[in-house]
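A.B. asks: Next up is a structure, given as structure tokens.
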Amino acid sequence: MTDHATTARPGAAPALPAPVPDPPGSATAPAPDPHPAPAPPGQTAEQVRDRLVRGAQLAVLLVGVTTQLTSCLPQLLANRDRFGAWWTEVVGFVVLAGVAATIATRLLRSRPMSRPLAFTLCGLCVAAAALASIPIPARLLLVADDWSFGIAGWYILAILLRTRMRTIAAVFAIHALVTVVEVLLKGVPDRYVTVQMGMVAVSVFGLELAVALLAVVLHRTAADAGEAAEREERTRTAEEIAEATHRDHRARYTRLLDTTVPLLTGLAYGALDPSDETVRRRAAVETARMRQLFAETDDVSDPLLHELRAGIDVAERQGVSVQLAVRGEIRPVPQPVRQELVETAAAVLASARTTARATVVRTPAAIRVSVLADAPAEGAAAVDAQRRSRTETTTTTKNGKLWVEAVWRTKSP
Amino acid sequence: MADEITVTVVDDHPAMLVGIEQWYADAPEPVRVVAGGATSKTAWLPPGDTADVVVFDLQLAGQAAPALGELRRLVDAGRNVIVYTMRDDEQTALTCLDLGAVTFLTKTEGADHLVSATLAAARDRPYTPPALAGALSANTNSDRPKLSTREEEVLVEWFQSESRDLVAERLGLSPKTVTTYLDRVRLKYANAGRPARSKAALVARAIQDGLISVDDL
């Protein structure tokens, strides 16, 4: 006969955190929670990269705007009566100015551009450049009289600096292609003019692509800088945890005086009978507490594990052999969450008959504490009955095994 | 005789050698320990040099650091090495896997896992014991292969429960599917990092077995 049931229980709705077992009259003031939810790894790197690339984008935009005002604007005015249909140049100029304004607003407000918007703006740049060059005769395309060619490239670069080099090159290729088509439609000029055009195109794109390459280097530097910042952050967190644990340690040491000392005095003066079951249970609990306290002098930075070990200790005292396996780096866990995780595990450990396997898996996305024990299936009900607001539990029973996992998710899956 | 799997055991505890031989005696397929010794020399000299599988203790007597260099040399010589160690930390497990060990077993994992791992290693098939699964699931290295959500779940739960049946029960899969997920994860790792003959053999065998297709790579 096998009975199996698998239930996933998200934390019970807005329940208050279960009361903390600390006596309220504790001598020391409650320490501020030393374990704030950590930023997921990689986030710092992301932020650093964001700031660096944003700066580069602003710089490129500034180059573009300066070029448009100091070089393109005078040329536009000079072209007024030269080629006819001057309005197309004006429209092109205004559109490009509009694109620049859009980029500037986005960058200054630190609002990232969606891909569709970015590509629309690039399309506008190419179109505006083409429009502005319509009245210009083929032999003057790309040279100074055709002011719109280079400026469009700068704005495209400012928009796409965040994307991969390949994307930037592709948009530049489209821009170049449009110009080539325009030259073909207007009639290919003399060979020396064409060569000159090619040289202008190469120098303009060359400069712009060089800047794009710099951005690639910037990306890499940003990743390194981010990693360094994260390392530093981890060290700081570890230091803070150590200090908070030390405070907690002293508080608990003081508390021992209230519980252990009366027990010892009771035993010493014969007021308590060692053969009494309750006295023995009390002694076991006190030993577990003291052991935990002594162990913490070795490794103070892993409160979750230490609290779990206390539960394991109690189970071992009842003759259960417990295997503990831990994976993943130490991560700060807020005290209430820790309490829920440990209480769930302790409940299963307490109901184990002979063997249990406790595991802790810590990843950036979640902390999972699991206990598998040869425990009666009724144990599942007891676990489910516990109030939780921060963690989720999953219970599975099969072939006389009870397996409960408590998960604290720091990132949605 | 041709189907017999031969094993060289490198472990500095004589009791371990005897125990391992005993475990192999009860294996579902014939497995014979051809050589056993306290140093990696055993695996380089006859009769240990031709064994199909090397069971290798990382922590050998008189050495403070794990014998990763020795492991690398054995892997580079094309040997199928099962790392079998007291060390229970994930970084060691991941390093061994990257060096090209076919699998990583901790000594708390008993006979079943060692025998299964040996049978799998001799045939270039993947085997992921729970301790290794735990290490893979907690791996945060930037070069970690990309795993599907289901693969991540199977890894964690296999580590937690050490039971395919329980994982299958919890995820609503068949035990065989659980194994397939574990194997696929192992192959993703075989396909990453430092190249080694053992890794290539795992991948090639998996393609033959239809576990993955060339397109998956």
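The backbone N, Cα and C atoms fix where each Cβ goes, and this holds for glycine too.
According to TrEMBL, the protein has these features:
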| type | residues | note |
| --- | --- | --- |
| COMPBIAS | A:1-15 | compositional bias 'Low complexity' |
| REGION | A:1-47 | region 'Disordered' |
| COMPBIAS | A:31-41 | compositional bias 'Pro residues' |
| TRANSMEM | A:58-78 | transmembrane segment |
| TRANSMEM | A:84-104 | transmembrane segment |
| TRANSMEM | A:116-134 | transmembrane segment |
| TRANSMEM | A:140-161 | transmembrane segment |
| TRANSMEM | A:168-185 | transmembrane segment |
| TRANSMEM | A:197-218 | transmembrane segment |
A.B. asks: Please give the sequence-distant neighbours of the transmembrane segment (A:197-218): residues at least 6 beyond its ends with Cβ less than 8 Å from one of its Cβ atoms.
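C.D. replies: Sequence-remote neighbours of the transmembrane segment (A:197-218) are 52-53, 56, 60, 141-143, 149-150, 153-154, 156-157, 160-161, 165, 168-169, 172, 176, 179, 183.
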A.B. asks: Against which stretches of its own chain does the transmembrane segment (A:58-78) lie, if we need a Cβ under 8 Å and a gap of at least six residues from its ends?
C.D. replies: 89-90, 93, 96-97, 100, 103-104, 107, 144-145, 147-148, 150-151, 154-155, 157-158, 161, 211
A.B. asks: Please check if the transmembrane segment (A:168-185) comes into contact with the transmembrane segment (A:116-134), where contact means 3 or more CB pairs closer than 8 Å and the residues in each pair are separated by 6 or more positions.
C.D. replies: yes
A.B. asks: Which sequence-distant residues neighbour the transmembrane segment (A:116-134)? Criterion: at least 6 residues beyond either end, Cβ under 8 Å.
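C.D. replies: Here the qualifying positions are 85, 88-89, 91-93, 95-96, 98-99, 102-103, 141, 146-149, 151-152, 155-156, 159-160, 163, 171, 174-175, 178-179, 182.
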